[in-house]
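This report concerns only the one structure given below.
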Amino acid sequence: MASRFPKFSQGLSQDPTTRRIWFGIATAHDFESHDGITEEKLYQKIFASHFGQLAVIFLWTSGNLFHVAWQGNFEAWSQDPLHVRPIAHAIWDPHFGQPAVEAFTRGGASGPVNISYSGVYQWWYTQGIRTNLELYQGALFLLGLAAVSLAAGWLHLQPKWQPKISWFKNAESRLNHHLSGLFGVSSLAWSGHLVHVAIPESRGQHVGWDNLLTTLPHPAGLAPFFSGQWSVYSQNPDSASHLFSTSQGSGTAILTFLGGFHPQTQSLWLTDIAHHHLAIAVLFIIAGHQYRTNFGIGHSIREILESHVPPGGGLGQGHKGLYDTLNNSLHFQLGLALASLGVITSLVAQHMYSLPSYAFIAQDFTTQAALYTHHQYIAGFIMSGAFAHGAIFFIRDYNPEQNKGNVLARMLEHKEAIISHLSWASLFLGFHTLGLYVHNDVVQAFGNPEKQILIEPVFAQWIQSSHGKTLYGFDVFLSSTASPAFYAGQSLWLPGWLDSINSNTNSLFLTIGPGDFLVHHAIALGLHTTTLILVKGALDARGSKLMPDKKEFGYSFPCDGPGRGGTCDISAWDAFYLAIFWMLNTIGWVTFYWHWKHLALWQGNAAQFNESSTYLMGWLRDYLWLNSSQLINGYNPFGMNSLSVWAWMFLFGHLIWATGFMFLISWRGYWQELIETLAWAHERTPLANLVRWKDKPVALSIVQARLVGLAHFSVGYIFTYAAFLIASTSGKFG
């Protein structure tokens, strides 16, 4: 008999119902649960799959380069980045009538095209690409890397080339290689690329493979480097009148500390960026030589952790036992990696708009909005995943004997205090913030706006002032002309910083008031509630007062039947599931805030945000309703326009989102009865009953239906907001 899906589980493949298919898909990546798995095989499978992941990434980026080179207008755009709209790719759609063809033919194209809102044009332009040929070469190179990655993945699945488990558990070697090789050398390479290729290109001098080795990036060559006169490299920077990509107003410096933005491109100085990456490279290359490997010198991570015991004895065993716990648990490692990556992704969102590093991207408002929103949503999912794997660690990998009295054990011992404090913080934030908003709504509705409770964010304003923002009149640190730091800053470090922080043409340290104070606390409510659910899910994953043996039930279970009342909805998976709704809710508030504040600033109408954001009806009416008007006016006498596709996506996103509730607010019995009725009718319908199926159709399990509901909710939520964001921004600014 032919083997049936899933091959990795003999038991599941013999299941006579459709459960076989869904459970097979659900556990396909849970390698730990597969038949015949050993620890070594587990590590080897994951290792090989990383090469597949790299191949997908290289193929995807290659496709971006290829389609822009083939169907885009990169060369025309780079002649006039502020007025030509960048084209992502052509649209081939046989259903397009003449009005649609006209509506979507833009950016100087001869037929319908999509406009690029990803920022890749600005990114490629900044790093020195100027021609379609260079884009094609990049696409080909990345295609080659994808092929190499696939070959490496296949190779590392062959018995002869599979690394041993001791290699995977060699923490010091891995850390050294990642610090020095991954971060250090790649930062050095990027700094080198900026100095040798991007900076000359920004000054109108093309550097290609033909003249790379003969063109000096700095007139003094390497002499100042070897003689220790490194400051020579920072002398004669580009002037404030420099025109990007030309020699007009350009200097010769390659490593600077100017601060602020290039006046024309409104992006960070390339010479500052090169300096930053060189410094990072030096630090990380040194850091990658800290840990003890073959030569018997350097730190042992085990020794560091074992000796981290707090003095006095009042805080337990500190980090004792953590080395083996961490080094033997992939879920622990993944949890830490996801937590770090999630924070970094959110920081990317915050820094891409406040300190834009790509030329002219700050003036492409739709791209700025899209990139901020994209990175914040990604960060939300990644951070939630960190807690999910933290919970799985506690269920599958945590050994109480190994961790007696250390920080992990102590976290579990006083989890009630942690959870109740988080709960208190969430309740406090929720009631007070909502109370203020609702009060303001009521007095607005009764025609007494002067009775609103408006609180100035004085502490945040003070922090902004200490960084040099003079608007609030605090006269402290960098905003005080009497401060030594202020004087040093004029010439010694970051002379351009104070000009930038006090300029109204960028998003650096935006002016804040009562509306910001309120929405800040609304976001804090969302963050604390999401964290509460995730932390409780992880800390209660092994057991709780209600269900002390929860660990035996695994990560996801619906209930333990009627004999133990109240054991439904308390698995670690349920906490994760609930937290995702709160996470989406929170990121929604974050992106609403960012977008509305920037729309007001970009339109030169900051008062709109300041006056309407202090009460809920202001958000609903002046942000959501006002900006979705172009998407919900349906058919009009003017016919098709370039926002029509977003209007359709806005509608379709709502549909997907609403479909989620069908799975979330109906129970299994309903579906089972419906399925049986449909199957009964099918078997008795002529012609239809010629089609048979082997598996008995059964309803999704409770956990599966929740997952399907959550997936529709999330996808619909994001699609709807993406369409709203791009249409409302591009409709105003192009």
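From the backbone N, Cα and C atoms, a Cβ is placed for every residue, glycine too.
Some features that Swiss-Prot has for this protein:
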- Cys559, Cys568: [4Fe-4S] cluster binding site (BINDING)
- His654: chlorophyll a B1 binding site (BINDING)
- Met662, Tyr670: chlorophyll a B3 binding site (BINDING)
- 46-69: transmembrane segment (TRANSMEM)
- 135-158: transmembrane segment (TRANSMEM)
- 175-199: transmembrane segment (TRANSMEM)
- 273-291: transmembrane segment (TRANSMEM)
- 330-353: transmembrane segment (TRANSMEM)
- 369-395: transmembrane segment (TRANSMEM)
- 417-439: transmembrane segment (TRANSMEM)
- 517-535: transmembrane segment (TRANSMEM)
- 575-596: transmembrane segment (TRANSMEM)
- 643-665: transmembrane segment (TRANSMEM)
- 707-727: transmembrane segment (TRANSMEM)
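For Cys568 ([4Fe-4S] cluster binding site), the count of additional Cβ atoms within 10 Å of its Cβ stands at 15 [all protein chains shown]. Residues near Cys559 ([4Fe-4S] cluster binding site) in space but far in sequence (CB under 8 A, at least 6 apart, same chain), listed by position: Thr567, Cys568, Asp569, Ile702.
Using a cut-off of 8 Å between Cβ atoms, the transmembrane segment (369-395) and the transmembrane segment (707-727) share at least three residue pairs, counting only pairs 6 or more apart in sequence. The 10 Å shell around the Cβ of the residue listed as 'chlorophyll a B1 binding site' contains 15 further Cβ atoms across the protein chains shown. Tyr670 (chlorophyll a B3 binding site) carries a helical DSSP state (H, G or I). Distance from the CA of His654 (chlorophyll a B1 binding site) to the CA of Tyr670 (chlorophyll a B3 binding site) is 24 Å. Between the C-alpha atoms of Met662 (chlorophyll a B3 binding site) and the residue listed as 'chlorophyll a B1 binding site', the distance comes to 13 Å. There are 10 other CB atoms within 10 A of the CB of Tyr670 (chlorophyll a B3 binding site), with all protein chains counted. Panel annotation: around the transmembrane segment (417-439), residues 411, 452-453, 455, 518, 521-522, 524-525, 528-529, 531-532, 535-536, 539-540, 614-616 of the same chain, lying at least six beyond its termini, place a Cβ under 8 Å from a Cβ of the stretch. Residues 31, 87-89, 116, 118, 120-121, 124, 132-133, 135-136, 138-140, 142-143, 145-147, 149-150, 152-154, 156-157, 163, 168, 330 of the same chain lie 6+ residues outside the transmembrane segment (46-69) yet bring a C-beta within less than 8 angstroms of a C-beta in it.
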